[in-house]
């Protein structure tokens, strides 16, 4: 009876972990799109910077003040040799995601992000000369085909937003591949990752954000009709972005690799459905079919990677 109870509890815990991860992820994406579109705050670098500052503060509170997680000590020399390069890619990844959200609908941006498995495999094959089984290459066909179909039929296509999302996939893949080598020996959980990388990412981004967007942000502050609620929304998205990092840790801890992969693909579908309900961006039938093909391809890829 006790074993059955503990098994039931672990299933419930996994489901709850996935639901809260979906909740935070979808909310952050929709809030960011809302900030760019409805609040007319068209400054993705500044939004990313606020997210990194919020994450730095949040991770400090969790580790140093509340002591919910033990601090993983990092060798001072490794901070610059290992953590800094990872922080740069971490920063690039978030910024490109926000830049693409500024120009293209959530549905399109999320579909392009599903291209990440393909870019990861190609990068590992080209640069690291890693060999992959034919089933892995075959699983990439529906991913690439679905994205091509979605891109061709996207009614709100924007070349700049598309390129930002595509380069974002490369940044995500690079982050995944480098994480193994750069963080070798450090068993970072997501909170320690944020604790070590968010301050560096803030440092990297604050000067470009001030130089490129400072005057625009200043003008927005002086001209926006309801300043306090708008600023509160921007900072709330930063707090939720930190909560999202925290929630990913629980999902990874509570599920296995296949469940995590399938949940990730279903999350894309949930994000697309929710964003359509909020923003009502036009999605053609062919576009929706292309997106579905991509998600099926991603699920198949996750399964093949696990089996192989």
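In case you wondered, yes, glycine gets a Cβ from its N, Cα and C as well.
Positions annotated as domain 'Sugar phosphate transporter' by TrEMBL: 16-301. Residues or ranges marked as transmembrane segment in TrEMBL: 12-31, 43-63, 83-104, 134-153, 190-211, 231-251, 258-279, 285-304.
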Residue list, the transmembrane segment (231-251) vs rest of chain: Cβ under 8 Å, 6 or more residues beyond ends.
17-18, 20-21, 23-25, 27-28, 31-32, 34-35, 39, 41, 47, 50-51, 53-55, 57-59, 62, 189-191, 193-194, 260, 263
Two-stretch contact, the transmembrane segment (43-63) and the transmembrane segment (12-31), at least three Cβ pairs under 8 Å:
no
Counting only residues 6+ away from its ends, which parts of the chain sit with a Cβ under 8 Å from the transmembrane segment (134-153)?
108, 111-112, 114-115, 117-118, 121, 162, 284, 286-287, 289-298, 300-301, 304-305, 308
Check the transmembrane segment (285-304) against each of 12-31, 190-211, 258-279 and return whichever range has the most CB pairs under 8 Å.
258-279
When you scan the chain for residues with a C-beta under 8 Å from the transmembrane segment (12-31), skipping those not six or more beyond its ends, what do you find?
101, 106, 110, 233, 236-237, 240-241, 243-244, 247-248, 250-251, 253-255, 259, 263, 266-267, 270-271, 274-275, 278
